[in-house]
Amino acid sequence: MPDSLSSPPPRVLRVAIPSPLRRLFDYRASHEAPPGGWRPGIRVRVPFGRRQVVGVVVACAARSDLAPDKLKPVEAWLDAEPLPEDWLWLCQFTARYYQHSLGDTLHQAMPVLLRQGRPLAGRMRERWQALTEPGTNDPRLKRAPRQAELLAMLRQHPHGLPTQAIVAQGYSREQLTTLVEKQLAVREEIPLTAAEPATEQLLAEPALPLNREQAQALAAIHERLDAFHPCLLHGVTGSGKTEIYLQLIEAVVARGRQALLLVPEIGLTPQTLARFRSRFRVPVVALHSGLTDNERLDAWEAVASGRAPIVIGTRSAIFTPLARPGAIIVDEEHDGSFKQQEGLRYHARDLAVARAKHHGIPLVLGSATPSLESLYHAERGNYRHLRLTRRASRHAPARLELTDLRGRPRQGGLIPPVIEAIRETLAAGHQVLVFINRRGFAPTLACHACGWLADCDSCDARMTLHRQPPMLACHHCDKRRPVPDACPSCGSADLRPLGSGTERTEETLAGLFPKVPVHRIDRDSTRRRDAFEQTLAQVRRGEPCLLVGTQMLAKGHHLPHVTLVVVVNADAGLYASDFRALEHSAQLLVQVAGRAGRAAHPGRVLVQTLHTDDPHLRLLAEHGYDALAEQLLAERRAAALPPYRFLALLRLESPREDATISLGREAAAMLRGWIGEHAPDVHCLGPVPAPMERRQNRYHVQLLLSAGRRSQLHAACARLTAWLEASPGARRVRWSLDVDPQTLA
Ligand code: ADP
Ligand code: ZN
Ligand code: ZN
């Protein structure tokens, strides 16, 4: 029996423990309860096996199925007040939906310091305030211009500024303490929960007057701000979606509510943040991977307490508790980075839908190239379909021009007419972006005497040739080898790079255009944290230059001086076996193309391909993404694939091929028997080897479940995970279940 506040104190606590096991564990409630009594959402320290772990109370009960002497006591409670209810709800929903352990879900969804048992309440934070009057020129700062600047900034904020905000402006702690030592400023500590000083005015700069389409879209979203109201904001790149987000957030915050904006990993740039921070006077909290554990907890607390009305974050920010939820926005909703590809395999966009529904608030999914799922919902009227067809700037997005690679000589992957177009663009004083989805020098190394290829010993894959520094590297297991001087198979010295990667194209372009700077942007060239931003800043200054890069470059960045975009090879994505490959490569092509002609000059996009007659590619080039998406939806329906059916993928892997396959077979046999009786709507395919069966010397096997009804799919998944947890064969094989997989790889 669940316990309420008025009944006697519970004797048993059901605790979610950070463990893969999909169950709760019972503990004896210690005699000393938290001041408000035991309630769900209170963290506790409990013994678990030989360890002590931090768990979360999920339910209180009068008795346990365990004998009283088997019941271990809770060691301590860690929260006087439960963690936020909306957060607990979301974690429970997520664990159920993705068939994941609740304990592990809660653990993943809380900041690291909370996982470690640190308190949430009662923390202090620093504020810094200027002591002197504005206008006074202090002789002590004569030779310290940065300190003088810092002091000037502090003076603009009579209520003081928190450390985080000051550091974010590029000042250091040392500069702050020096000002204090010189008695020009003071440091004070205030409780973290103290309210922010009231801001009379919400906006720091005026909103842009909207064009007609924007105004209609915003009005549609505004129609109901206090009900679940999902909208697909489908607008070409540069059509002013972000301006709509800004004005929606303004309305939400003006009503005293909070707005949560999710952006792709690649989209949370200082540029984006600056745009939001310069618009609003109220705090804009950013949640990204660059935060320290302390900063992350501060941000979490600021949003959970309601002090921060606006929060912007990448995937995991969906788990931020909101004291007064007002709207959720997912920008670039089609982006793959919203899906976590390991452990708890959630999709932040899908959780955003569930969460907005739970809170009864508007949801905006924005994209120039919406996912087929979202288009499907819009077509069926589940989402309101709002379109922006025109760019705010002068020029429409450029069409894709297909250029035939067949029978033409290539230099660094580029054919003569394309090189000519690059030359003309540079001569006109503009910039060129060359998109190539392979980093490294060449996809692999080949022997022209015997046909040997540089395979990885541990994977069913080729090793990529790199020049900076020289090596062969496997992009699947990260194994590295020196580049051989002679063929390991026949001894010939005729080893040649096969195909082109970013390094080779960069090298070729640098040779062809020696007077123009070439910037390469990929994971290798941007390992240093600020390297990418520095390059972009240089590019935005506008001198003619060449940009060579992978999809890091393709998304989101505003590159006003690029007028020509070249796609080195469109074919890889078109002919990949994965059922979403076409959708994803079309989205990527459109995103890349969207980099061209965003400012004063119109843009041009040249797409090199061996298949100029490919019907999908032609549809995309001639009629655009929406037409292709419609065609792909028809194909998905015919093939009984999502969004027309629901999928779940069981992945099995171990160093032993036979053990992996035999567990797959047993699981499939068990499931087929069960399906026949309980869930006839579910189909079970496999076990089959994964598309790349051997990775890092482990064998990967999969079992695919599909169903027309979610409830049956979930029932089958629950049966499957329960069986695997109890199966002796599963102890030697690693397994994971992926509900709504984004890829079948
Ligand atoms: P999206 O998010 O759809 O790519 P943005 O909101 O970033 O588009 O807008 C693209 C550019 O157009 C930005 O420079 C933005 O300032 C400008 N812009 C957007 N809306 C308007 C408007 N109503 N009037 C003038 N300029 C606008
Ligand atoms: Zn050879
Ligand atoms: Zn490998």
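Glycine too: its Cβ is placed from the backbone N, Cα and C atoms.
Marked as Zn(2+) 1 binding site by TrEMBL: C447, C450, C487, C490. According to TrEMBL, the Zn(2+) 2 binding site annotation covers C456, C459, C474, C477. According to TrEMBL, the feature domain 'Helicase ATP-binding' maps to 222-388. TrEMBL lists 482-639 with the feature domain 'Helicase C-terminal'.
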Exercise for review: Please list, in sequence order, those binding-site residues from C450, C477, C487 with the Cβ less than 6 Å from ligand 3.
Suggested key: C477
Check your understanding: Looking at Cβ-Cβ distances, which residues of the chain lie under 8 angstroms from C474 (Zn(2+) 2 binding site) while being 6 or more apart from it?
Key -> C456, S458, C459, A461, M463, T464, R480
Review point. C447, C450, C456, C459, C477: which of these binding-site residues has the sparsest Cβ neighbourhood within 10 Å?
Key: C450
Exercise for review: Of C447, C456, C487, C490, the binding-site residues listed, which put a C-beta under 6 Å from ligand 2? Please answer none if none do.
Suggested key: C447, C487, C490
**Study point:** Of C487, C490 (the binding-site residues), the residue whose Cβ has the fewest other Cβ atoms within 10 Å
**Key:** C490
Study note, to complete from the structure: Taken over the domain 'Helicase C-terminal' (482-639), the predicted model's pLDDT averages 87
Study note, to complete from the structure: As a whole number of Å, the Cα atom of C490 (Zn(2+) 1 binding site) is distant from the Cα atom of C477 (Zn(2+) 2 binding site) by 26
Study note, to complete from the structure: The correct three-state DSSP answer for C487 (Zn(2+) 1 binding site) is coil
Practice item. Determine, for the Zn(2+) 1 site, the additional residues of the same chain whose CB lies within 8 Å of the mean position of the CB atoms of C447, C450, C487, C490; present them in sequence order. Key: H448, A449, G451, W452, P488, S489, G491, S492, D494, L495
